[in-house]
Amino acid sequence: MGSFKWINLFIIIFKYFLTITPIFSYSNEVPNFLDLAKEPQVFDWMVDIRRKIHENPELGYEEFETSKLIREKLDELGIPYKHPVAVTGVVGYIGTGLPPFVALRADMDALLMQELVEWEHKSKVPGKMHACGHDAHVSMLLGAAKILKDHEKYFNGTVVLVFQPAEEGGAGAKKIVDAGVLENVSAIFGLHILPGIPLGEVASKSGPMSAGCGLFEAIISGRGGHAALPQHSIDPILAASNVIVSLQHIVSREVDPLDSQVVTVGMFQGGGAFNVIPDSVTIGGTFRAFLRESFTQLKHRIEQVISGQAAVQRCNATVSFLEEKKPLIPPTVNNGDLHDYFKSVAGSLLGTDKVKGMEQMTGSEDFAFYQEALPGYLFLLGMEDISAERLPGPHSPYYKVNEDALPYGAALHASLAAGYLAKLHHEVLVVEGKYHDEL
Ligand SMILES: *[C@@H]1O[C@H](CO)[C@@H](O)[C@H](O)[C@H]1NC(C)=O
Ligand SMILES: *[C@@H]1O[C@H](CO)[C@@H](O)[C@H](O)[C@H]1NC(C)=O
Ligand SMILES: *[C@@H]1O[C@H](CO)[C@@H](O)[C@H](O)[C@H]1NC(C)=O
Ligand SMILES: [Zn+2]
Ligand SMILES: [Zn+2]
């Protein structure tokens, strides 16, 4: 009895493998893009691009030269593109031009800060710097484009290259989505290079990854007067102080302790003399949450608490979330199926021990806008050389990119996109019954 069952089981498993393997076999379908990306004609090319962009950092929606350089490189590779998309954005296409579509994203903007690293390719623009690695992001996506283009004839579908403006608070991703270029795209992948994670490793997680981020500003108005005669004034300093204390009670008293949220008041402007009660006080701050519903609720309560608490002290308050200037960034939430897919691709390319989990981060990423529109996946790319000095964190004037990470980013982009097209193609064949007969 036993042996009959075992043989049957064996046959079933064997048949399963025969039929399943062609459905999606990463190693058969996708070349080793890491070896390709490490070759000098790709690696040196990426390094050169990254250094050019680093020398000429441009702020959000002003990435004109960066955008031009990207288009020159795409022309060089024979890759068609759309431009301008979202002011300075460029969207390139590799493959058949037909569905399925899979997108890869790189952000292009720099920061308003002075570089303090003394090196040959230091920023040539005073007060502007690529201190978040977006110069590396552009160069890695171009590197991916270069190696993908060489394998274009094997694609059943199209890779969409998204070079996006204004990630640093400008919500460039939202403008890309609004432009409609991601319609019919099945999935989008993005990466962020980060110190603190060893070179050759990646980190990510399923579900909420980085927080939604909003700003608020409130003008609390009272009535100014002599500090020695408070009865004739309405003191906005005291009212603003109470507002700030009450704002801290939202997270500590109203929110599930397991649902992490932040409210920080970082700005308090009011008064200019020791003995004068001012007319008004302006406060400003930021709030963060990981769940879309929590983020909306937090925003709502911030507004209520400021107005309500100001009224208790006989003041009026006007609250603004500055959405015209700085759109709210929703939480970054990674798609669970794409997480499994990412682990299999990154594991094959780097080794499964190099694919790490992570805690969610209270920073924010405008990649969230893509994830509201379609399945999206963001991961962190390591660049720390553990044998060398520790790299400073992002947004530091001493920020440095370890350029040895460039081939890893390019290869991951390329593998994720090519593998995903192969996977979608086989899924279509299965639905059409082309592999079913064997089962
Ligand atoms: C794409 O898929 C179709 C349908 O299975 C097939 O006929 C065609 O040869 C494939 N093209 C490429 C480039 O793989
Ligand atoms: C998406 O697909 C629909 C239906 O095939 C088509 O009408 C539309 O033009 C496509 N959109 C883009 C941006 O390709
Ligand atoms: C608050 O607004 C009301 C209505 O506009 C106004 O009558 C009142 O004087 C204001 N109070 C302060 C302290 O500005
Ligand atoms: Zn940044
Ligand atoms: Zn960044």
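Every residue, even glycine, has its Cβ placed from backbone N, Cα and C.
A TrEMBL annotation is a machine prediction, not a hand-curated record.
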If TrEMBL says Cys132, His134, Glu168, His192 bind Mn(2+), which of His300, His339, His395 does it name for the same site?
-> His395
Most Cβ neighbours inside 10 Å, all chains, among the binding-site residues His134, His395 = His134
For the recorded Mn(2+) site, enumerate neighbouring residues of the same chain (Cβ within 8 Å of the Cβ centroid of Cys132, His134, Glu168, His192, His395, site residues themselves excluded), in sequence order.
-> Asp107, Asp109, Leu111, His130, Ala131, Gly133, Glu167, Pro394
DSSP assigns the residues of the domain 'Peptidase M20 dimerisation' (216-308) as 39 helix, 32 strand, 22 coil
Kindly state the mean pLDDT of the domain 'Peptidase M20 dimerisation' (216-308) in the predicted structure.
-> 97
Where does Glu168 (Mn(2+) binding site) sit in DSSP terms: helix, strand, or coil?
-> coil
